[in-house]
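For reference, the structure discussed in these notes is given below.
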Amino acid sequence: MLMSTYTDKYGPDGVVLIAFLAGVMITILALLQLAPLVEFISYPVTTGFMSAGVITIVLGQLVAMVGIKGSTVNAIKAIETFIIGINQFNTWDLVMGLVCVVILLGIWHLGEITEKAINRTKEPTGWQLFLRYFSMARNAIVLIASIVFVVIMITTTGQSPVGTPEQIEEGFPPIRPPTFQLQIGDETLSFAQTLSELSAPLFVVPLILLLEFVSVAKSFAGGKTIDTTQELLALGLTNILGSFVQSIPVSASFVRSAVNVASGVKTPISNLYTGKTKHPESIMSLILGRRVVITTSRNKCVSFSGGIMLAVLGVLAQYLSYIPTSTLAAVIITSLLPLFKIPQVTMACFRSSKRDLIPMYATFFVGLFVNLTFAILFGVLVDLVFILYPTARPKLIIKSCKFPDIGEALLVVPDKNLSYSNIEFMKQRIIKSAGLTKLDVIVVDGSFVHVLDTTSIKALKETVGFFQSSQKKILFMSWRNHVRDQFVKFDNNHSDLFIPSVSFTDKYDVHLEDQNSLQDIY
């Protein structure tokens with residue numbers, strides 16, 4: 001989804017370099033134990049990003065489905081390309097694409113019905129197992145049928161009525177390091193210039209790789225905890241090594257992981273040899289692409305990871321040029337449609353947390369009409385605003401109370417830590433509230449304050465000075481010892497302003513002078 005944009009801009013060498021650098025960044029995150037950073041990307045933001053990507057790519061593939069070539073980096077550009085290239089419109093491509101879409105959706109729906117039947121009976125029949133794997137193999141079936149069609153047409157008429165890709169070079173890629181100097185037009189960039197040019201994809205690509213990888217791991221963990229750092233290390237090293245054989249950035253696959261689970265795979269050793277499997281019929285995974293599973297006995301199977309891909313690269317690459325472009329577009333479109341989850345997530349957010357709709361739709365529209373690279377960053381920033389705003393505007397309980405030893409006083413209770421982001425807000429509220437009463441003592445309850453920073457200490461001391469100049473006194477009650485020490489050690493002053501703690505119950509069982517006095521103002 002991401003690489004199509006970067007391939008158009010930087011070419012194959014640029015994409016391979018992105019794979020290497022993304023792998024290095026992810027490996028560094030793993031080694032520094034920074035895996036939890038990925039948790040700052042919320043589900044609504046991820047949904048908005050993925051849905052925008054789906055629409056963008058579907059529009060681009062619809063353009064390709066009718067035989068039009070051009071840039072489709074966002075929705076506006078895709079529509080513009082379609083209008084400009086309308087003279088390239090090919091009816092055969094459109095018909096082929098639509099037929100493939102209908103067939104793919106029909107087989108997928110058949111698979112859904114079969115899965116529901118299997119879940120009801122718990123004991124799948126041979127026919128149901130055949131339909132399950134027939135549905136999983138729908139992309140391969142359609143591609144093979146399309147190749148046969150093109151070959152027949154070329155044999156009988158001498159040409160293909162539908163567009164096909166250019167000839168793909170046969171053989172294995174050479175093992176060599178990626179190119180660290182990008183070539184853009186006639187200009188060769190230095191490595192420093194290359195890093196600057198790739199700054200945007202180097203933020204987005206590792207992030208998406210991490211999100212997908214961790215999401216797949218959690219989806220198939222069965223409720224068990226996963227070692228995120230270990231997952232990141234595996235992902236980073238995979239991309240680093242892959243770049244030496246000209247690989248694009250790679251991550252986990254929901255579909256192929258589901259096939260492995262259905263085939264009884266339990267551990268990564270299945271890449272070489274799979275021990276016991278619940279389903280000897282795993283041979284049906286043969287035609288699904290990356291993993292070849294060959295049954296050798298009733299409960300054992302050997303799997304050769306990537307066998308089909310290696311065979312294609314080695315001896316079958318020439319036949320890929322017979323795959324119609326419209327068929328590829330149909331496969332991509334139908335594969336991406338399940339990722340468009342805006343309607344479902346919108347309803348869920350509307351019922352539970354309406355504020356999540358804002359970052360989700362902000363990410364979605366920026367990704368749709370600007371670009372995907374900026375979309376996820378923008379969505380995270382919008383989400384952080386909602387996270388940080390409560391910190392910057394803490395709730396304050398302010399009451400007029402009578403204390404046994406202090407007498408009448410204005411009680412102020414902040415509900416969270418004091419920091420540079422909220423101390424000015426609290427300072428202004430305390431001064432304003434004190435000005436509304438004739439009370440000469442202000443008591444700040446620090447029960448919920450666990451730490452202070454330099455800015456908050458300085459502001460509190462300024463507040464102390466303000467009240468002293470106004471012939472009033474401010475006291476600090478129920479503050480933790482280490483927080484009190486932070487405050488006092490700032491300038492070795494005001495230790496006498498801290499009074500002993502009182503229990504929570506006693507504090508709120510005080511006698512109020514007037515039930516209509518200043519209570520719960522903020």
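Cβ atoms are placed via backbone N, Cα and C, with glycine included.
Residues or ranges marked as transmembrane segment by TrEMBL: 12-35 (among others). Listed by sequence, the residues of this chain that lie at least six past the ends of the transmembrane segment (12-35) yet keep a Cβ under 8 A from its Cβ atoms are 3, 6, 177-180, 182-183, 194-195, 198, 201-202, 205-206, 209-210, 228-233, 235-243, 246-250.
According to TrEMBL, the transmembrane segment annotation covers 41-68 (among others).
Summarising the annotation, TrEMBL assigns transmembrane segment to 89-110 (among others).
Summarising the annotation, TrEMBL assigns transmembrane segment to 130-154 (among others).
Residues or ranges marked as transmembrane segment by TrEMBL: 301-322 (among others).
Sequence annotations record features per position, and here TrEMBL assigns transmembrane segment to 328-350 (among others).
Here the transmembrane segment (362-389) has long-range neighbours at 1-2, 5, 40-42, 44-45, 48-49, 51-53, 55-56, 73-76, 200-201, 203-204, 207-208, 342, 355, 421, meaning same-chain residues at least 6 beyond its ends whose C-beta is under 8 angstroms from one of its own. Among the features that TrEMBL reports, transmembrane segment is placed at 362-389 (among others).
Under the heading domain 'STAS', TrEMBL lists 418-487.
Long-range contacts of the transmembrane segment (41-68) within the same chain: residues 1-2, 4, 74-75, 78-79, 81-82, 85-86, 88-90, 93-94, 97-98, 163, 207-208, 211, 325-326, 328-330, 332-333, 336-337, 339-342, 345, 349, 356-357, 359-368, 372, 375-376, 379-380, 382-383, each at least 6 residues beyond the stretch ends and with a Cβ under 8 Å from a Cβ of the stretch. Sequence-distant contacts of the transmembrane segment (89-110) (same chain, at least 6 residues past either end, Cβ-Cβ under 8 Å): 65-68, 131, 134-135, 138-139, 141-142, 146, 149, 161-163, 324-327, 329-331, 333-334. In the predicted model, the domain 'STAS' (418-487) has a mean pLDDT of 89.
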